[in-house]
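What TrEMBL records for this protein:
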DOMAIN    45-190  domain 'EXPERA'
TRANSMEM  12-35  transmembrane segment
TRANSMEM  44-63  transmembrane segment
TRANSMEM  104-127  transmembrane segment
TRANSMEM  134-152  transmembrane segment
TRANSMEM  172-198  transmembrane segment
Amino acid sequence: MASTFERFDWFSLAATAVASVGVGGVALLLGLLLLRSKRRQLSLWDKLAVFWLLYNAIVHWSIEGSFVFLSLTGSVNTAEGLMADLWKEYAKADARWGVSDPTIVSLEILTVFFNGTLTLVLVHAVLAGRSYRHFVQVLVNTCELYGGWMTFAPEWLTGSKNLDTSSPLYLWVYLVFFNGLWVVAPVLLLAQSCLAISSHAKRNYRGKKE
């Protein structure tokens, strides 16, 4: 039996790493340029939110967008190219992504076109200090958490037959870390919005009483 080390496709793994680092670098550069172009002072948390939201939007439109394209024109497993190799590598941990699973494809269409667009609207709202910022922020991050739940809950309820957790790489990096980012960040942003909305409501309530 081949060892875990021997079973890895190191070329595909390298493609995954390069894509992730590249998207992160582009998001960081765009974030710095946008923050420098704005005179309005932002808190540290809002600056971090801008970087994350840009990374989020770029991932949705480029990496996940490529999955939607490959799935609607065939499947990841039958496609060729860098993005196909990236998704084939991830499909080793979750086989549904290689075979155009209809539930996954449906969720990704919503994620790319709805949440990807709305995330860019949210970036503008944060930078410009728009009054609708926290409404959009709650909507975007609720959708992110819903997408994560609907990706994994049906699989867990049916015995996780498509998930390969035999390798630490597949379990802790592909399934836990990469998906966990879209749990931790949305929860933090939802908490920020809840505090901001609550604070605003308290000020209005006190003002009316006075």
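Keep in mind that glycine also has a Cβ here, set from the backbone N, Cα and C atoms.
Keep in mind that TrEMBL annotations are predicted by a computer and have not been checked by a curator.
Within the same chain, residues 45, 49, 52, 56, 90, 92-94, 134, 137-138, 140-142, 144-145, 147-148, 151-152, 163, 165 sit at least 6 positions outside the transmembrane segment (172-198) and bring their C-beta atoms closer than 8 Å to a C-beta of that stretch.
Beyond its flanks by at least six residues, the transmembrane segment (134-152) meets 56, 103-104, 107, 110-111, 114-115, 118-119, 121-122, 125, 179, 182-183, 185-187, 189-190, 192-194, 196-197 of its own chain at Cβ-Cβ distances under 8 Å. Remote same-chain residues near the transmembrane segment (44-63) are listed as 19, 23-24, 26-28, 30-31, 34-35, 83, 86, 111-112, 115-116, 119-120, 122-123, 126-127, 144, 182, 185, 189, 192 (criterion: CB distance under 8 Å, separation of at least six residues from the stretch ends). The residues of the domain 'EXPERA' (45-190), classed with DSSP into helix (H, G, I), strand (E, B) and coil, number 120 helix, 2 strand, 24 coil.
Nonlocal intrachain contacts for the transmembrane segment (104-127), taken as residues 6+ away from its ends with a CB within less than 8 angstroms of a stretch CB, comprise 34-35, 38, 40, 42, 46, 49-50, 53-54, 56-57, 60-61, 64-65, 67-68, 71-72, 96-97, 133, 136-137, 139-140, 143-144, 147, 150-151.
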